[in-house]
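Listed in TrEMBL for this protein:
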- B:K79: active site, charge relay system (ACT_SITE)
- B:S154: active site, charge relay system (ACT_SITE)
- B:S178: active site, acyl-ester intermediate (ACT_SITE)
- B:24-465: domain 'Amidase' (DOMAIN)
Amino acid sequence: MKKYTTVIGLEVHAELKTNSKAFCSCSTEFGGEPNTHVCPVCLGMPGALPVLNKQVVEFAIRAGLALNCDIQKFNKFDRKNYFYPDLSKNYQISQFDQPICLGGHIDIEVEGGKKRIGVTRIHMEEDAGKLNHSGATISTSDSSAVDYNRAGVPLIEIVSEPDMRSSEEARAYLEQLKAILEYTDVCDCKMQEGSLRCDANISVMPEGAAEFGTRAEIKNLNSFRALVRAIEYEVERQIDLVESGGHVVQETRTWDDAQGMTLSMRSKEEAHDYRYFPEPDLVPVELDDAWIERVKNELPELPAQRQQRLMTENGLPAYDAGLIVATKAMADYFDAACKNAGDDKAVANWLLGDVSAYLNNEGIEIDAFPIKPENLGEMVALIKGGVLSSKLAKKVFAEMLKADKSPKVLVKELGLEQVSDEGAIAAIVDEVLAENPQSIADFKAGKDRAIGFLVGQVMKKSRGKANPGMVNKLLVEKMQ
Amino acid sequence: MDLYKSTAHELHDKLVNKEISSVELTKALYERIDAVEDQVKAYVTLDKENALAQAAKVDAMIAAGEKIAPLAGIPGAIKDNICTKGLLTTCSSKMLANVVPIYDAHVIKKLRAEETIFLGKTNMDEFAMGSTTESSYFQATHNPWNLDRVPGGSSGGSAAAIAAGEAIWTLGSDTGGSIRQPASFNGCVGIKPTYGRVSRYGCVAFASSLDQIGPITRDVTDAATVLNTICGKDEHDSTSLPVEVPDFTKALRQDVKGLRIGLPKEYYGEGLDPKVHAELKKAIAQYEAMGAEIVEISLPHTEYAVITYYIIAPAEASANLARYDGVRYGFRAANATSAPEMTTLSRTEGFGAEVKRRIMLGTYVLSSGYYDAYYKKAMQVRTLIRRDFDSAFEKCDVILAPTSPVVAYPIDGKMDPLSIYMLDVYTIPVNMAGLPGISVPCGFADGMPVGMQLIGKPLDEETVLRAAYTFEQANEYHKVLAPLGGNK
């Protein structure tokens with residue numbers, strides 16, 4: 001079989017975190033009873049007119065600058081025409097030929113270093129409402145109800161260059177993009193709530209070919225897992241097609257997560273003619289340098305800068321720092337926990353170990369994690385100060401998950417203070433040595449394993465509280 | 001004199017002097033409506049109960065010695081494409097026949113704040129698409145000067161109501177002449193303000209870049225009075241202009257000395273009915289006699305205005321009317337078996353022929369592959385038309401033109417759509433350039449009123465009003481009453 005190169009470009013829709021909708025003053029809050037965050041404008045009532053929310057432009061500029069784009073000063077909106085019941089005006093206010101941002105990039109970590117992925121454009125537009133079908137799909141349902149709470153919520157669409165060559169690169173790009181949007185506070189990036197959505201353009205070509213193959217656009221990728229699985233499925237489907245003498249057709253496909261496959265939605269011939277034209281109800285917005293400059297100056301620390309800071313100031317290895325900064329809330333947690341921990345590397349280990357395992361198990365994000373960062377920090381400090389053993393710390397950790405108590409209080413309540421009193425430990429050491437003469441003989445015969453066994457016995461008798469370093473030292477002293 | 005024949009400014013004085021009450025006045029209007037509406041058919045909806053309650057409220061204010069606004073207690077009527085909260089707003093379409101808006105248009109809010117009275121909603125061409133008011137889903141309106149003739153359109157109901165004494169003042173909307181042409185056909189005053197002078201919020205959109213609300217009244221003073229109330233920046237309409245609104249009644253002086261009046265040569269050529277032309281010649285001579293300077297000007301792109309308009313307006317309309325899909329409000333076809341079919345059937349059954357024609361035209365010109373040839377080119381021509389006016393206004397202060405090349409024609413459906421479209425040749429360029437334009441009565445041809453159009457520079461309604469007022473006061477045309485004649 002020939003070798004193939006995969007070519008991937010992503011189109012990401014991010015809902016902006018403005019308080020009110022893009023063209024009216026309705027709330028953007030997620031959830032809420034159906035059709036409670038609506039007004040004549042977002043319901044498309046006769047005679048209603050849109051008025052641009054300036055915050056939308058501000059957020060688009062901020063995202064654009066964070067993604068290294070050129071901000072376009074002249075901004076107009078266009079109407080994208082298509083009929084669908086969730087689109088209250090049956091046209092979407094969007095930007096067509098003159099998007100607000102052009103020509104940016106994101107650097108991702110790949111095997112063997114960094115890779116730069118181009119960002120073609122970012123444009124502003126409004127979201128549609130949501131259909132709730134009585135059955136599985138619109139065509140198989142007896143009835144569908146429409147909720148327009150989401151109609152008119154502002155979005156930015158971020159279009160990448162076809163620069164990714166594997167599902168892993170696509171994943172890394174989306175992770176990095178998500179982190180940047182979180183850091184700049186323009187989107188809450190909750191894929192499960194639909195505030196960050198992704199479509200992928202995928203094609204394959206024989207290795208070394210000059211021209212890309214025909215692409216398929218895959219919609220409905222609502223998680224990182226879905227993105228990776230869909231790309232892998234689609235690449236295999238396309239290669240199989242080509243190998244068996246067929247050819248890929250340009251079409252829109254949807255990812256069916258339950259079946260684990262992509263399904264054809266509509267061909268190029270059936271594609272909508274959106275009949276874009278300039279939106280006559282809105283006047284063009286001219287951005288001045290002062291506005292762009294102010295947003296630039298107010299840009300917060302971005303993931304790459306923060307990763308660097310965690311490496312130089314906190315002494316973390318690049319890999320660990322990268323994992324922690326991938327989620328802004330995780331990085332904030334790390335900073336807060338380090339304040340009283342006295343051992344930043346240990347905090348990182350806890351976060352990437354037990355904490356991450358817990359989050360994965362529970363399926364929650366760090367902002368819903370029950371242990372406060374100062375308590376985790378305090379626990380690390382207790383370990384570092386020799387008050388708590390690493391082993392018993394697991395017990396404290398488990399208790400903190402159950403109740404909001406400080407580790408100091410828990411150590412006392414549970415009687416878990418590490419014993420570092422030499423006299424008390426020496427008594428237990430004597431007891432253990434008296435019970436295990438054979439081990440003493442082994443030790444003296446040069447069998448190093450014996451010491452491990454003896455330390456274990458002492459720890460057992462002390463119910464894990466004896467300071468292991470001190471136990472080791474006393475055993476050696478007493479046997480020589 | 002019968003109250004229903006009066007002007008708003010006369011009636012305001014009578015109310016303030018307690019010669020009449022608003023309830024008395026409002027009842028007089030409904031009596032007149034009862035008497036002639038069967039023949040005229042100017043209204044789609046009447047709102048007698050609320051109107052009388054509002055009149056009583058104003059009477060109480062006057063009794064309490066409160067100062068009242070110029071339109072307080074004066075009964076008017078609103079074109080049925082302007083949203084009135086709690087009162088049907090149908091656009092004279094089957095599609096919206098059951099739609100009661102949940103909000104007031106900006107102009108309605110302003111008028112309510114002045115404690116005015118709304119008698120009801122006036123008939124129009126469906127979605128304001130037409131020049132005869134025949135395309136109304138409900139009824140054709142008849143011209144009070146000759147009931148066998150059209151009242152013009154699309155604000156035919158608003159103009160006919162004024163001519164027939166069924167309202168003291170009315171609001172219309174003008175996309176390509178829809179205020180000025182019916183005003184001209186009915187011997188009324190109708191002004192389309194500068195684009196952006198009046199908020200479009202709540203005016204059901206036909207062509208967003210051209211639509212503008214304005215008054216239709218018996219005289220220029222009333223037009224200025226209504227303008228005073230409805231103009232001004234509205235934060236709900238991005239295209240409304242953030243400029244000061246002058247007191248337009250202050251512009252009403254009988255003075256045209258030294259005023260340079262431009263006559264566009266392209267407007268006085270082929271197609272202009274000689275009888276209409278004769279009336280305009282008299283008006284021009286009169287202006288000259290009153291000290292105005294008459295100058296010939298040229299608007300070279302005039303011949304492209306109508307075809308350009310019939311690309312831009314339908315294009316915008318095709319998107320503006322897309323929201324009528326049977327999903328949220330309005331007409332929904334029965335018996336659809338799927339969501340797409342529900343939309344298709346609702347639109348097929350809910351829209352009339354003229355509306356469908358324009359939606360198809362607009363959809364076509366925006367289609368992939370045709371956009372550059374039609375829409376883009378039309379927008380470029382629009383710029384040229386605007387520049388024509390810019391250069392013309394270097395030579396004159398106001399432009400004098402016919403409003404329509406003909407007087408009102410018979411209601412017989414004999415005219416083909418294209419011929420009717422071409423009759424808007426003198427009003428359409430004014431919308432394309434966003435300029436203020438007024439139509440004032442200037443004579444009669446075959447017993448039907450002739451309208452004279454005065455076009456001003458952007459935001460210069462004051463010069464337009466002054467020129468119109470000077471002419472009006474030197475003549476008696478605005479005092480001649482429609483006879484409600486004809487065979488009907």
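Quick reminder: no glycine exception, Cβ is built from N, Cα and C everywhere.
It should be emphasised that the depicted structure is a prediction, and the values quoted were computed from it without experimental measurement.
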Whole-number Å value for how far B:S154 (active site, charge relay system) lies from B:S178 (active site, acyl-ester intermediate) (Cα to Cα): 5
Rounded Cα separation (Å) that holds between B:S154 (active site, charge relay system) and B:K79 (active site, charge relay system): 9
For B:K79 (active site, charge relay system): intrachain residues, at least 6 apart, with Cβ closer than 8 Å: B:K121, B:T122, B:M124, B:S155, B:G157, B:S158, B:T170, B:L171, B:G172, B:S173
For the active-site residues B:S154, B:S178, the one whose C-beta sees the most other C-beta atoms within 10 angstroms: B:S178
Confidence summary (mean pLDDT) of the domain 'Amidase' (B:24-465): 97
